[in-house]
Structures are given as C-alpha cells and as structure tokens.
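Student: I have a structure here, written as structure tokens, and I will follow up with some questions on it.
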Amino acid sequence: MARRSSRKRWLSGLRNTAAALIGLAWLVPLLWMFLSSVSNDADVYRVPPKLWPAWNWGNYARAWAARPWPRYFANTLIIALSVVAFTLVTSILAGFAFALMRFRGSKTLFYVVMSVMMVPQTVLLIPNFILAHTTGLYDTYWIQILPWAASVFGIFLLRQTLSALPTEIFEAAELDGAGPVSMLVRIAAPLAVPSLILIGLNTFMGSWSSFVWPYLMTQNDTVRPIEVGLQAFYGAEGTDWTGLSAAVTFTTLPVVILFFSLQKYFVQGAFSTQGAVQ
Amino acid sequence: MTRNPIRGLATLLVAGSMVLLSACSGSTAGSTPSASALPSLDPSKQTTITFMEAMSSGAQQAALKKMTADFEAQHPNVTVQLQEQPNYGALQTKITAQVAANSAPTIAQVYENWADELSSSNVIVPLDEYVASSKDYKDFYSGIQADMKLRDGKNWMWPFNKSVVVQYYNESLVPKAPATWGEFAQTAKSVSKNGVVALSIDPGSETSPAGGTALFEILAESFGTPVFAKDGTPQFDSDAAKKALNYLVDLKKSNALALGTNYPGQTALGNQTGAFDVSSVASYPFNQKAVGGKFVMGVAPLPAGTAKTANQLAGTNIAMFSSADDQQKAAAWAYMQFLTSPAEMAYWASQTGYLPVVKTAMDEQAMKDYLAKNPWVGDVVKQLDTATPLPPVSYVNKASGALSTAISSAVNGTASVDDALAQAQAAGKKAASES
C-alpha cells in the first residue's frame, strides 16, 4: 500500500515537473522577444540571447513613434469585439437550429455550411477584393467585420454542444408553452456558456492576429489593425528586429492579459465540449 | 531578391488572377498615350496621384517621404499619396488585386517580370515617348537603360531603387576581400573553424526564391553561362551551372557554407559566427546595424569568375498604369523624373544604400560626402553598366524557384548536382512553356 502511494507521488511529481518544463518552454519565445526588445541592434543576433541585455528602452520609444498605435489599438478592438459579438449571435442561432429544429434539408444545409471549412480562403482573396470594391466596403471597418460575422467552427461546436443536451429538457419546456426563441434564450444559451466563451476567445484571438485579410482590404491607418502596422518593421532589404520586438511586446500584452484572466473559461470550454464533439 | 512571408501567396494570387487582368485590359488599352504628344501638367488643376511602393520602413521610408514632400513643394498643385506595402510580395498581391478591381494606382514599383505580365494585359503604358523627353535618361548607366525595356524592346519602366550584390566581410577574419571566386572559396574554408561558418545563404523556396539563389545565378554566369538565355530560356543544366552548384556543395562539405532563412548571412556576420555576407548593396544599413561596431565590416564588389565578373541587377522600377487620366499621367511623369534627378538620386543613395541610377548624381555634394565615408561605393556603382537583371519574363520567379529547390537538395546532399539541375531544368522549361 505504502509502496503504491509512494509510486503515485513519484508519478505525480514527474508529471508536474514535465508540465512545468513544457510550460517554461512555451515561455521561451516570449522571453526572447522581450530580451530582444531591450537589446542593442548588434546583440539581437546573438544565439542564445543575452540574458542581461543592454536595457535599451529607446527601442520602445522608437517603435511607438513609428506608427499610430493608439489608433491601431482602437481599430483592432472595435473590429475584434464586433466580430466576436456577431459570431456569437450567428453561431448560437445556427447551432440551435441545426441541433434542435427539424426542417427539410437541415442535414444537407449543415453539410453545405461545413464544406465552407474546406475552401482555402487564399483562392478567394482576389474575387473578394473585387467584391469589396464593388460594394464600397473596401478600406472600412465593415470589410474587416462582416465576412467574419459567422463562424463555421462556432456553428459546428454549438450544434454538437446542444445536440448532446437531453432532449427531455426541451420537450418539457415545449409542454410548458415555450417557443423556440424562449428555449434558445432561457435554456440553450445558458447551458452553452462554456462553448460560447471558447468560441468568443478563439474568435477574438483570431481577429486580433489576422493579417492577410485586413492588409489586402484596407489602405489607410484610420481603419487598419495592429498586425498590419507591425509590418512597418520589415523592410525590403532587412528587418528592424529590436523595433519589431518592442512593438510586438506592447501589442501582444493585451491578448496575453486577456488569455490569463479568462483561461479558466478557455480550459472549461475546451473540456466541456470534448464530450459533445465525440 | 528577398524572402518574405507572403511572397508565395503573391505568386499564387498572381497566377490565379491573370485571367482577371486580361479581362481588365479591354477597357484600359485605349488610353495609351499617342505618339504625337505627351499629356502636359496643367498647373491650374489640382491633381492627386497614388504611388504604390514597398519602401515602408527605416531609412527608405523616411527618404522617400522627404523626396515626395520636396516634390509637392515644387508642384503645389500635385499631391502624391504614398501607398506603402510592407514588402515586395505584398506589393505584388496588392497591385494584382487593385488592377483586377479596376482601381490601379497611378504608378507603382514593379519588378521586370511583373511588368511583363502587366504590359501583356495592357494595364501599364509604354514609356518610350516619355523617355525620349527626359533630359537625364542619357546619363543613366547602360545597365539601367537596358533594364527599363521588356522583350519587345520598348521602355515600360522607369528606374528607381536599384542595387547590385556585394560581399560584406569581417575584416578581423578576412583582412582583404577575395578578388576571385577561387580565392573566396579558399578564404572561406580557412576561416571556417572555432564555430565560424564562413557564409550563410538563403536559397528560398520553390515559390519564393531568395538571395542564395541569386548568388548561384551570379556564380553560373561568372563561370561562363547565365542561367537564363537572353530570350529567357532556362539553361540550368549547363556546365557553368553544374560548376556553380558544385562550388556551393564543396563549400558545404568543407563546413564553410550553411543554409538558413531570413537574411542568415546578415545574422551570422552580426553575431560573428560568419565571415561573409553576400547580399544586396541596399543591405548595407542593416548589416551595419547587425555588426554594431563589434568589428570593422569591409564591403567590396563581387569576386571575378573564370569567365567574367558577373553581377545581378536587383531592385525595382516604376510603371505607370493606363487607367490614370492625362493629368495624373503628367503629374506622375514629373514625379518620376524628379525622383531620378541627380540631386534626388544622390540623396536617395546616401540615405538608403541603393545605387544612384544616373551618373551625374556622383557629382552632387551629398554623394561626394557619402563616397568619402564609403569609398567602396565608387567601385560598386560602376557595375550598373554591366550587371544584368533576371530576364523580364513572367515565369522567371517560378523557374528560379526550381533552382532554389535544386540548391537546397544538392547542398543538403539529398540529390546529386546533375540530378538536381536536371530536375530544375525540366521544371524551368515547363514553367516557360506554360507562361
């Protein structure tokens, strides 16, 4: 018995050590980025980096002056929060309909929606660009929000989550006179909160870090997000690594803070949907 | 040539959108200027032109902004909107998309092979009439003059940021720059010890050939046969090409060559694990930063080969889009000439490291001051008379991509030199036949 308990403790210690090491390994790129951001230009090429850099905070001042970051921050927030709001609404509506409402062609329609996942977005860029111009949406917030207002992943996840709920709940609600909207708002949505948080976080981070779409669909700093602004440090003949590292540090910080403050929900969401997906 | 994250994407998009470009050509071809008269700038009219460019960071951005502001001050009725793109791959994507959407800029930076595609779709205008009216054209270096033309012999481009390849070296390891490629190999092998690998290059990838491929192309020409014939036909399996690839393989076997990505030569030179960086003259400010005074960085023209001293003319030109109206074309032409005027070119070169395209820029005080600090520029700039660009054919990137793959596989030992080049030749010919 004592031997088994000791073995358990040993295994648990090993597991925790391995987890801590993997966690630290994930921190290395962030640490490297920070060290580069306060290094001199010549030191940034050292491998491994100097653990006690030159503390050149001037890189931050230079990076901050290079682009209108407050504008970019505001733009990115407006775009990301709008995309999240739209995605959550469209995902829960479509997920609810596909999971719980019976209508003709629902399965076919669901597979059609899923098939969108298979289309590489790259091949649609030029037609989409022409469409953006034709509709007058080019170089606006809307062109960065509307195309992402529905998420196939979100619809799929909520359909699976809601399908896994006992049907008796909804049958009982129906007997009590609840209509589809009432069932959606009062039963389905509250029970799907972890999934909604997962979708929201995924969507937010995806929107925050998207580059190709906003780069192609915008021209002016007044509507451009952070990721496009970061390109300012890549030149045609080389890269300003210290400036880029400083800019990436102060632009990544909000997302890191958001992730750590909401990581409980993130993990919860991932685990709660695991069974549903299976 | 530089590597960037979306160049491959750009290649894909460009290939896919050629149909759209062709579709656009019908509506724009008619606005090509007639032989009789060039559009003239009406000083009483306010005109806005757009210049789509990739000079979006550091000294290049600052210099272009200042030159543009100076031009606007001289032409108060003209506004130049700089449409910055983060890199050349992004620039190509954006030009393609905007042309397809019938919203092309007035002018844009273009590589020769892009101009070939754009001219065949009639979305850019030939510049022969404009060139004939230029007072500075006769003073352009002859390599620059040749580079303005496409295969049809017409001038389609106006020069802007041009460069050639040079050798940067750590003077504490290499006291004197090698004069021949033979000497270069000897020196590289002798200094490759104690953690130093003399040269690091990035061949790029199938869709995005980079500086390492340019080096191979220069070597092949130095050894007797350029990788592309004058008409653009790939000749990747020539004896000279085999000699060039064997040269790189031999360096690798002697631990004097490493393959990497993202300016590996600059990185290795900067952190003192490399002795050389073979890259564009425009990398000078970036290399200086990387070295940061840790040692004296020498700069010299490329070594001579067994057949000749070859170099590749790099950088972009400016093309004018046919969708612009006459006022915009006149304003754009005034701006283009302003950029290449001796005083502006001297300023541009001294700020960015690019070479002045007009010989008379060397007489400007800004250039004299720059030369006093960087005497090597005097030798390098002469190569603008002899350096040749890659042929202006639409498939050149794809064909060079096949060479990138050949270099990687031969240097890494996964294919023999002969097999790697035979495969590249087949891929290059296929790309040419499909264009």
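Here, residue 1 is simply the first one shown, and the rest follow in order.
Note: Cβ is positioned from N, Cα and C throughout, glycine not excepted.
Keep in mind the model is a prediction, meaning the values are calculated, not measured.
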Student: TrEMBL lists transmembrane segment for one of the ranges A:21-42, A:241-262; which is that range?
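Tutor: The listed stretch tagged transmembrane segment in TrEMBL is A:241-262.
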Student: Quick one: do the transmembrane segment (A:142-162) and the transmembrane segment (A:77-101) have at least 3 Cβ pairs under 8 Å, skipping pairs fewer than 6 apart in sequence?
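Tutor: Stretch pair touches.
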Student: Cβ under 8 Å, sequence separation of at least 6 from the ends of the transmembrane segment (A:183-205): give me the contacting residues as numbers and ranges.
Tutor: 80-81, 83-84, 87-88, 91-93, 95-96, 100, 148, 151, 153-154, 157-158, 161-162, 165, 169-170, 173-174, 255, 258-259, 262, 265-266, 268-270, 272-273, 276
Student: Checking distant contacts: for the transmembrane segment (A:77-101), what same-chain residues at least six beyond its ends satisfy Cβ-Cβ under 8 A?
Tutor: 109-110, 113, 141, 144-146, 148-151, 154-163, 170, 180, 183-184, 188-189, 192, 196, 199-200, 203-204, 207-208, 214, 225
